[in-house]
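Marked as active site, proton donor by Swiss-Prot on the basis of sequence analysis: Glu350. The active site annotation in Swiss-Prot covers His381, Lys503.
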Amino acid sequence: MTLNSLPAWTALQSHFEQIRHARLRDWFAPQNDPAPTRAERFTFSGGGLAADFSKNRITDETLRLLVQLAREARVEARRDAMFAGEIVNPTEGRAALHTALRATDPHAPFHAQVSAERAKMATFARAVRNGTWTGHTGKRIRHVINIGIGGSDLGPKMVTHALRHVATRDISMHFVSNVDGADLARVLEQVDPEETLAIVVSKTFTTLETMTNARSLRDWFVAKGCPEDALAKHFVGVSANPAEVVKFGIAADNVFEMWDWVGGRYSLWSAVGLSIMIAIGPEQFDELLAGANDMDRHFREAPLERNLPVLLGLIGIWYRNFFGSQSYLVAPYSEALHYLPSYLQQLEMESNGKSARLDGRFVDYPTAAVTWGEPGTNGQHAFFQMLHQGPTIVPIDFIAVLTPEHPLASHHPKLLANCFAQSEALMLGRTLEEARKVAGPGKEDLAPHLTFPGNRPTTTLLVDALTPRSLGALIALYEHKVLVQATVWDINPFDQWGVELGKILGKVVEADLAADALDTAKHDSSTTALIARARAALKR
């Protein structure tokens with residue numbers, strides 16, 4: 001049965017027509033919001049987090065029908081299959097067991113293997129942190145460069161930045177991902193080769209960007225006086241292909257394993273997170289895993305009606321497939337979560353930006369929305385104008401951390417006030433009549449410019465304090481949200497074939513840039529002209 005033919009889908013279409021013009025400010029009016037209030041009915045907790053869904057354009061009936069949709073789409077069955085280690089990535093014939101990386105149950109899939117690798121990580125991380133592991137001249141490691149791209153970069157960078165307040169001050173963490181040499185050159189200007197450790201992270205250890213940067217970094221070490229037989233003191237590798245790591249020149253003892261049953265964008269819990277563990281220490285890394293495991297248990301055990309990942313995913317479907325929203329915004333009111341929107345861009349769009357269903361037929365409904373965002377309050381002074389007064393409705397996830405992780409506590413009430421006020425303003429709006437009063441006598445022409453449509457939907461996620469545990473829960477919340485949506489849309493969130501074609505053609509273009517003569521028949525006229533211009537520039 002296709003999605004459009006599910007009874008709940010049909011019922012949701014009728015329900016949408018009934019409430020599409022209803023206004024949130026009316027629903028929140030005191031006479032329409034008796035106890036239990038909307039805030040009480042639509043605020044739920046799990047995994048140490050709280051989520052206020054009340055400012056969404058939903059009613060009790062909306063949630064009832066959305067949960068019915070989840071059941072008809074067999075969300076619970078696919079969830080259970082994923083946790084059990086069944087093949088839930090059929091195009092690659094793989095399980096998706098990122099949850100096993102943080103499981104405490106000794107009967108969980110691959111528990112012994114995961115525990116052994118984490119113990120190896122912890123031993124190494126402690127040695128780097130306490131100075132037992134040194135560079136080839138005996139100096140302590142003061143700089144760690146993580147070389148990876150996509151899931152091998154975004155997750156570790158996001159978490160390391162978010163948890164700087166619990167990280168060691170003795171080691172600086174650097175992240176290099178782009179094949180643009182400026183990325184690596186910028187970092188090399190800041191580090192001493194005698195005090196630098198490189199972590200090269202690639203599932204296959206053949207990724208173009210990562211291996212280009214790794215080779216350049218290896219050459220830099222040698223040029224700076226590191227003997228080739230001493231490079232083992234400065235390089236470790238993380239990969240599912242240990243043989244390729246050794247072929248690159250990294251000592252076998254310096255190889256940390258990841259597995260093909262963990263997707264890159266779900267892998268920060270594995271040895272891919274070695275840079276995180278060095279930064280915050282093994283004990284705090286365990287807390288990160290524990291927080292994710294808290295959310296895993298909530299996802300598995302909470303009824304769908306009160307299940308945070310399920311509700312977050314279903315409400316996203318409500319806006320994407322019924323309201324027709326093209327994008328959604330993530331606005332963490334926390335500078336520590338600066339890189340969370342970038343991380344979620346990959347998690348959501350690489351996972352669910354698909355058009356082929358599991359049975360190979362193409363969807364006839366929208367899937368992943370464009371994910372974007374910026375920390376508050378910066379975003380207010382950049383794009384919130386469009387959110388408030390533009391014609392496009394963009395659903396928003398606000399994320400508020402209730403207690404600061406820094407000593408400037410007097411700033412925090414201002415930060416929280418802005419977060420909560422934005423959600424209220426987006427919901428309420430300002431009518432033309434109200435705008436005329438604001439404009440004042442004789443300025444009626446200004447009133448239209450002072451109106452706000454309102455009725456803009458938002459969810460507010462509350463985190464008591466930004467700790468490794470709460471961050472782990474927050475990340476896992478979005479991981480499971482992705483699975484919920486993928487299940488309803490009947491797509492595979494664990495592959496990423498969309499990145500392949502460009503990589504294949506990229507190798508052809510790279511060869512053409514270096515060829516003695518350009519074959520003008522090989523490409524379309526636009527690409528040929530671009531290559532010709534680049535060839536001329538590269539020869540200058």
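Glycine is treated like the rest: Cβ placed from N, Cα and C.
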Integer Å distance between the CA atoms belonging to Glu350 (active site, proton donor) and His381 (active site): 29
Listed in sequence order, residues with CB under 8 A of Glu350 (active site, proton donor) and six or more positions away: Gly150, Arg265, Gln496, Gly498, Val499
Cβ neighbour count (within 10 Å, all chains shown) around His381 (active site): 10
Cβ-Cβ neighbours of Lys503 (active site) (radius 10 Å): 10
